[in-house]
Amino acid sequence: MGECSAGRLDLTEQTPILLGSKAMAASLMDVGDSFGDPASPLVNRSRNSLVEGDNGDDDDVVFIESIQPPSSSAPVIADQRHFVFPASRNKKLQGHYSVILPSSRYLASQKGNTSETIVIDDEEDMETNGREKTVSSSFIEWGFPGTKNRTKDLDFSTSSLSRSKTKTAVGPFNPGRMNVAGGEFQNGGFTTHHSPDSWISQSASFPRNQKQPGVDSLSPVASLPKQIFQSSAQQQPTKAAKITCANCKKPLQKGQTAYQRKGSAHLFCSTTCLSSFSHKRTPKKRNVTCKKDAPTKKATVVPQGESSEPFPKCFSTSHLSPYEDSQNLRKRVLNKSRCTICNKLTEIRHEVSVNNVTHKLCSNQCFNKYRLANGLVMNCCEQCGEYLPGKGAGNNVLVIEGQQMRFCCQSCVNEYKQMIETNLKKILASENRKRNAVGEENERELYGSLNILPEKTEEIPEKKEKTSELQVSAECSLDASVVQQNVNLPPSVSDIADKLQEQLGEKPSEDSIIPAVLSADPGTWPRILSIKQRDTLVENDPPQVRNFNFPKDSTGRKFSETYYTRILANGEKTTRSWLLYSTSKDSVFCLYCKLFGEGKNQLKNENGCRDWQHLSHILSKHEESEMHINNSVKYSKLKSDLKTSKIVEASEHRLQEREGKDGVKLLYTLDLI
């Protein structure tokens with residue numbers, strides 16, 4: 001096709017090569033003819049006439065219209081995108097216009113004649129279902145010297161993003177901006193300029209015919225400013241939080257002992273606050289559900305949308321299935337542990353860690369028993385639980401059963417004494433009730449046995465004639481230990497009297513045969529101790545052998561009195577009152593395990609322990625064992641019970657002495673027929 005005048009626009013065969021091929025449809029709108037032509041004809045090309053090629057892709061319709069050129073001017077800025085005009089590979093374009101694209105050198109020489117008017121109206125309507133995008137841009141037209149400045153509005157419409165990417169000989173879609181004057185053509189398309197912010201939508205552009213402040217007209221459009229987010233934790237300074245007791249709300253001081261229940265976040269200042277404060281969960285109904293029927297967890301995915309987060313958020317449902325509820329209930333049951341003192345499988349309230357060994361205690365009573373057995377000193381008042389910062393702070397000290405108890409003031413001491421007296425009175429009253437019940441039962445048995453006497457005497461005819469009347473006088477004291485008979489009773493009556501003596505405890509026991517008093521040497525003690533012997537040893541506390549010339553063994557080692565003392569981690573020294581040395585067997589024994597121990601133990605067996613080389617390690621390991629701690633608790637408990645029983649017996653003896661003055665002698669007279 002021949003060349004036309006410079007004022008017209010010819011579409012030649014080289015146009016697809018210069019502008020690109022097979023990606024976007026454009027409608028070229030003629031601005032006007034500077035040589036007198038009134039308007040350019042409208043050229044329409046059908047979509048169906050252009051459907052040819054190797055891949056069979058569809059091309060869009062191209063419209064060429066005429067519009068009035070704008071009068072305003074602006075710096076030259078063009079779009080950096082790769083716009084490709086659709087064209088069929090086998091058909092030629094028809095028309096009387098040709099697009100002349102000059103080189104960069106020619107544009108630089110004709111800079112004064114180039115129109116400075118450009119309108120950047122880059123509006124993208126992106127749909128989520130992947131439909132077409134429409135991008136409208138306005139480009140300038142470069143004319144020859146002496147001609148008027150022209151503006152060509154190019155309307156580009158892309159079929160889809162996937163179609164433009166599948167075309168060959170076409171660069172990737174780049175929505176950035178570049179200067180047309182500095183652009184180059186390579187293989188029918190613009191030079192590719194990759195920008196790190198090229199994916200950001202440029203819909204928020206500046207108004208028409210207005211220069212962006214602070215940005216050069218020949219530089220790419222500045223990317224949107226990035227927002228800097230700071231966490232609220234960094235913006236606000238951290239404040240030191242006060243730790244308070246969950247029950248009494250008193251602040252905990254530095255160095256104060258705090259108590260915490262297992263599985264709870266609450267802290268307490270004393271065991272009193274810990275026991276009084278209770279948060280028990282409401283019991284849940286247990287649903288028996290098969291694991292196969294348990295619903296599976298579902299995850300909800302939040303799509304990204306317009307958020308700047310790089311990955312979608314995933315979160316699972318918070319509701320658990322009935323099967324999982326039952327599993328959690330089973331775990332809570334399994335969380336129960338066995339108490340070190342009472343051996344009950346229950347919830348644990350106290351945990352004491354001694355030399356990396358944790359001892360679990362279920363109640364305050366067990367904790368106090370453990371503390372008394374191991375000589376633990378508390379830094380708080382025994383009555384109110386007030387914190388005592390130093391040893392000198394607790395001036396009021398009360399010694400009970402060999403243990404020192406600290407109090408914050410004299411009022412707490414008086415309250416504690418009153419509480420002990422009240423408990424002692426309750427114990428005495430219960431013991432009196434038990435003894436009175438036993439005495440009444442013995443009296444009923446005595447009445448019943450006397451009523452049987454007439455029946456027994458009828459069986460003996462010889463005695464009937466001789467004996468007309470039997471008189472039985474019985475003198476009863478508080479313990480009902482003496483029964484006097486004024487007449488000779490038949491053998492059946494004597495048998496009843498023997499039974500009565502057995503019930504009243506007058507029959508000698510087997511324990512009286514075994515000597516109750518034992519030597520202080522544990523090597524001479526029998527293997528099995530009687531109850532009386534054990535009680536005697538607990539009451540009297542066997543002494544430790546001191547100031548003795550301990551013999552040496554074959555290796556030249558011997559026992560030393562330094563083993564009687566234990567040095568704690570904080571430097572304090574405590575006495576091992578349970579360690580006894582046997583002079584007869586030249587070995588050591590554990591008093592607690594010897595009296596209450598079960599099973600095999602070096603410090604419990606008949607020969608004891610005489611490994612002087614490793615004795616220090618053996619003793620430290622033994623006193624931390626669970627068996628030794630349990631036996632020590634049993635020892636201290638029995639000792640306190642024996643003291644209490646002695647007090648009760650002494651009080652009863654005083655009562656008997658008072659009532660003995662007004663004693664009543666009962667005479668029972670039986671008439672035998």
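The backbone N, Cα and C atoms fix where each Cβ goes, glycine too.
Just so it is clear, the model here is predicted, and its values are computed rather than measured.
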Listed range which Swiss-Prot flags as zinc finger, given the options 25-65, 312-352, 476-516, 517-557: 312-352
Given ranges 161-189, 190-218, 596-624, 625-653, the stretch to which Swiss-Prot attaches the annotation region 'Disordered': 190-218
Long-range Cβ environment of LYS552 (SUMO2 cross-link), under 8 Å and at least 6 residues apart: LYS558
The zinc finger (405-432): DSSP-derived helix, strand, coil residue counts: 23 helix, 3 strand, 2 coil
